[in-house]
Amino acid sequence: MFVFIVGIKKLRPAVLHTPRSQFFNSDNITLPYNRPPLFAFCQFFFLFQFFLKNANFQLETHMNQPIAAIGISDSTRPKTNVRLTISAEHLMDTDVFSKSDPICLVYEKTSGKKATTTEPVQVPTWQDSQWTERGRTEVVMNNLNPQFTKTFLLPYFFEETQLLRFEIYDADSPNVGQDLSPHDFLGRFECVLAQIVSYSTLKAHLGKAEGIGAQWRNKDKNTKTGSITIRAEEDEKCEKIQFDVCGEGLDKKDFFGKSDPYLNFKRKFDDGSAHLVHRTEVKQKTLDPRWATVQINTQTLCGKDGERPIIIECYDHDKWKKGEEPRGEAKFSRDDHIGTAHTTLNELLRGGAGDPVELLLTNEKKKAKKGDKYKCSGTLKIWNSKIIVEPTFLDFISGGTELEFAVAVDFTASNGAPKNSSSLHYMSADRPNQYELALRSVLSICQHYNSSKTFEAFGFGAKLPNSASVSAIFPLDLLRGTPEVVGISGVMSAYRHALQNVQLYGPTNFAPIIDTVAQKAHNMIHDSARYQILLIITDGIISDMHATIRSIINASGLPLSIIIIGVGNEDFEKMHELDSDDSLLQQDSRIAQRDIVQFVTIREFLNNGRGVYLDPDVVQENLAREVLYEVPGQLTGYMKQRGFQPRPVENPWARNSPPPDYDPVLDGIGRRAQAPSPGFQMPVASAPPMY
């Protein structure tokens, strides 16, 4: 029986995905009720074997799913709800005796490659299983310029490619079902959600039956199919209450000295339970403490309900002996209760005008002991109360803040000769190598937040042609001798060309790369127009750890985020020091101003845990989700630290246009507007010769 219980516990995650009918099918199994003991035992044993067989089958099926147990779970991922409002102009008129009756349907691609379609659309979206309908507007009767009143609320994830389609039909009846064949197709537009939130208002030409439309450019004129305008706004802002608080005349709890008070703020729920949402710092040896200014999210504190009870507890912290203090909540376990006050959000806000709000602290045990002689255990005073709305990542992006992007590729000899199939730089004809996967996973997301489509690409740890010395840093585009490249295709072409012409060498030094990009980031500190991201891809432990830590600490006050992706099977344990999630990076007496590094190893994303390699598109999607999810918080944290506010949507920072040789098709974000420039050749994924 003990083994049976343990088996169930281990298999529970897989079992949860199994329909009950597969385990207890009345046609195959009868539960052993009212049977002789031996017969019941045999039947129980048969049931147990059947249970394990089904559970193991479900476990194998579950393990073959690409996203299971990879990256971070949806419940912990930072997200923002975005509300889309849709209108259209100059739609086609397909009715004979009246105007069209338009309806707009919104789809999201939920399987397959999430890149903008480059081939003609052959299967109607409503019949395509790779697309999921997210909603539809109302039917607007007899109108070629509809302004749809129904809006769409979608979760937005910075670190994901969320590909959407907007399709407009002329409804032949007020009730439009799932089968759209009776209704006339008017136009389609396809884009990623990031494009919409970057511009806040996105206007586009509608494509015909097999087309996907194109983003509206300055001086464009209306086409026969008309246009669509999509507006995006954050559905709910991060609202906090901010106030100053002090205590007066608190009870003395220590025999030989004064109390060491702190405050707990708790949310009270409808069932009477309470949950800690904020704790102040401890003030040493005082009965009249003044704590640092408090900021608490109003949704967390009281669900934004002005009259929901809020509990404030005051405690005296008892010190532990050196070396005995436990971690976490346990270190507050023996603290003495001074008193409790009850208030509401509305009452706290009354401390923003005129006299401070005074709250009496009550200790029920002391009150019961002293009876009528008891007055209170101290007073809390609250003033300077106000509601503040902190700018979000989307506020800055909608205001024109651009993400500048730089990449650095490891060309050290430990990668192996590129001609060798075991090399991490080996170019297979049918599968990208790990460096290409890492480059595309990050660039495919970041490109939507950089209107110039121009990136900086570097290499390190190699000997360049006609050079006897190792280059600690060199431009990846050896032909032009400049780090600036155009589009994802430009980065990939420069990478492949560099492999043909450099000699892999060493060592693996990060400090020169970080210092170079940090110097560029230093030129961005005067406003919120730009924020720099650096991607470093490496196959091993760095040789200059001490210098790298110093460079990161120096750069921690700049508008910069550093993403490090480890490729291959090296032991990267020491690299996790740089990713200071638990405590800020420190070297000697110097401490980083904020955490700017995210480190992951790509091998965690290459297969499903059972040796089966996943599709490259799935790997890129999962890898991007993991390495980029901290960027929005790092950007807003820097802007808050510097006191920068986003530009208004009506007057955003100027956006640069892509250079003439930029081709969106090669980067998977649109149809080609014109033929490529003469002499352009599509890069091929063949093994390059070494010179």
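Each Cβ is built from the backbone N, Cα and C atoms, and glycine gets one as well.
According to TrEMBL, the feature domain 'C2' maps to 62-206 (among others). Note on the domain 'C2' (62-206): DSSP counts are 12 helix, 52 strand, 81 coil.
The domain 'C2' annotation in TrEMBL covers 224-361 (among others).
Annotation source TrEMBL lists region 'Disordered' at 669-691.
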Averaging the pLDDT values of the domain 'C2' (62-206) gives 85
What does DSSP give as the helix, strand and coil breakdown of the domain 'C2' (224-361)?
-> 18 helix, 57 strand, 63 coil
